[in-house]
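Enquirer: First, the structure itself, so that you have it in front of you.
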Amino acid sequence: MSREVAGSPPGAPAGDDPRVGDFDLGEVPTAREIRRFTARAARARAGAGVGALLTDVYTAVTSVAISVLIVLGVVQQLGASLPPAPPTHAPGGLSLPVLVVLLLLAGAGALLSTAGRLGPVGAEGPQASWWLPLPVDRRGLLRPAAARVPAVAALAGAVVVVVLDAGLLARGGAELVRAGLLGALLSAGVVLGAAVAQARVPRRRLALAGDAVLLAAPVLAALVVLSGRTPATLPSPSWLVVLLTALVAAALAVVVDRRLEHLPGRTLREGGSVATQAVGAVVSLDSRELGRALTGGAAPSVRRRVARLRTARGPATALVTADLVVLRRSLRHVVQVVVAVGLPVLATLVPQLASPAGVLVAVLVGGWMASSASAEGARWAEMAPVLDRLLPLDDRTVRRLRMVAPGLVALVWSLLTFTAVGRWQGATSDWLVLAVAAAPVWAAAAVRAAYRPAPRWDKPLVATPAGALPMGVLQVVARGPDLVAFCLLPLWVALGLGTVTTFMVTAQVALSTIAFAVASSTAEKGWMERLLEDQDAQRRGGAA
């Protein structure tokens, strides 16, 4: 059946229509022209001019610089307040330079794991839908995306190395400059290496490789402790080492640029989707969504092993079993728990950190890492509560059952951690009793943080150096950590004084009971906000 052109005589061929002619379509635009056209279209619809852009850039740079200077000052004060290293290290101890190396190794593993989960080269939804099918050179389209993550990694690596070297190792001048450049180049090289392997290696394997490097840090620390040999100083990198590292990073960048054309479209779409989800979570101050983005990006699509789940004998045991299975299947969280155990142990082994303040900070960070890693099931339940509502259990019972898995992990973490603290302070049995009494608080804080409400972006915004934030956002973010700060007060006092008393244990048991009751509550608003709402309701009722 022939198709007639509108406006032409019936039966006339389409080619005889005077309005249809041979038009010169011109050449296909290049990839750079397409990128520039997309940027111009985005700027035209953004409603902001060059002045607003410069203001945002100035605010961001100023905020980052102030944050770095504050952190550097705090670390320098910490390094100045640390006691000097003993002339001869005790058997089984660690030196501060070795600890810095282990921290940098753990950071490299975390960077590789994050790069593997993010892509690191990806195309966002609109870009993947419009750019990838175009008959143009794909390298020209993906070069900005391929350079973005290595640049951010280089900046972060340089800042971390400079802060650790200047604050803890008291280096400065040319040594600090070389160390910062080396940290930036190595960080960029890690991300570029992940990008090179992206075309042939699944993202899950890259993430697992990063987790393995992260896990190697506490393992190496244990080997150094067992060997009894720890170097007191570290050699400063020379300009030759920096130059060779720069050449390797440049070679990796060239390889990545040449392989951009061969990256599968599915890999680019998946990486862009995960990156978009992660950026949205960071902007929205939602750490739960960020964790789901990083975990889901490396989750296997098919399970080769089937668990019988014999412990699921009813609704309650099924809920607890599901939380334990979620933790067991997430290698990232298992590694996080292992690292959380190693932090306080290392703090008691490093002579300069083996102080009440150093051990207290290590226990605080390690405890929150372990409890947060074990509450992944509660975070998924907060996002999709439909499965919990299908069970014949009320809301408060579900919250209490969600505390079982974090409680077991917190109990194991506490026993291992405070065994080392007891060996450092003496009276190990007393510290273990206090640790067992404090374990429920960690579980309650993790579940309370998992079920915290999202920030209310419909409320009035407050201008901050980090951007506009809704009122009350700090109250939302503090749900969970507030229990750690208040209900673990006897533990913090015991670590500060270096001793455990019966009154401290009794007070800790009472505060653990309070934390359990608070985490079992399903009220999303604070008691002050609820009190004000009740007063407003009473006033409206009296006026009526």
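Including glycine, each Cβ sits where the backbone N, Cα and C put it.
Small disclaimer: the values here were computed from a predicted structure and weren't measured.
Look at TrEMBL and you will find 1-15 tagged as compositional bias 'Low complexity'. What TrEMBL records for 1-23 is region 'Disordered'. The transmembrane segment annotation in TrEMBL covers 50-74, 94-112, 149-170, 176-197, 206-226, 238-256, 401-425, 431-449, 490-518.
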Enquirer: With a cut-off of 8 Å between Cβ atoms, can you find at least three pairs linking the transmembrane segment (176-197) to the transmembrane segment (238-256)? Only pairs 6 or more residues apart in sequence count.
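Expert: The transmembrane segment (238-256) and the transmembrane segment (176-197): touching, yes.
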Enquirer: Please determine whether the transmembrane segment (94-112) and the transmembrane segment (206-226) are in contact (criterion: at least three Cβ-Cβ distances under 8 Å, sequence separation 6 or more).
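Expert: The answer is yes, given that the two segments have at least 3 Cβ pairs within the 8 Å cut-off.
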Enquirer: With the transmembrane segment (401-425) as the reference, find which of 206-226, 238-256, 490-518 contributes the most Cβ pairs under 8 Å.
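Expert: When the Cβ pairs under 8 Å are tallied, 490-518 comes out ahead.
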Enquirer: Looking only at residues six or more beyond either end of the transmembrane segment (490-518), which have a C-beta under 8 A from one in the stretch?
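Expert: Cβ under 8 Å, 6 or more out: 356-357, 359-360, 363, 400, 403, 421, 425, 427, 430-431, 433-434, 437-441, 444-445, 448, 483.
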Enquirer: Same chain only, please: residues at least 6 beyond the ends of the transmembrane segment (238-256) with a C-beta under 8 Å from a C-beta of the stretch. Say none if there are none.
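Expert: Residues 121, 146, 150, 178, 181-182, 185-186, 188-189, 192-193, 195-196 contact the transmembrane segment (238-256) from elsewhere in the chain.
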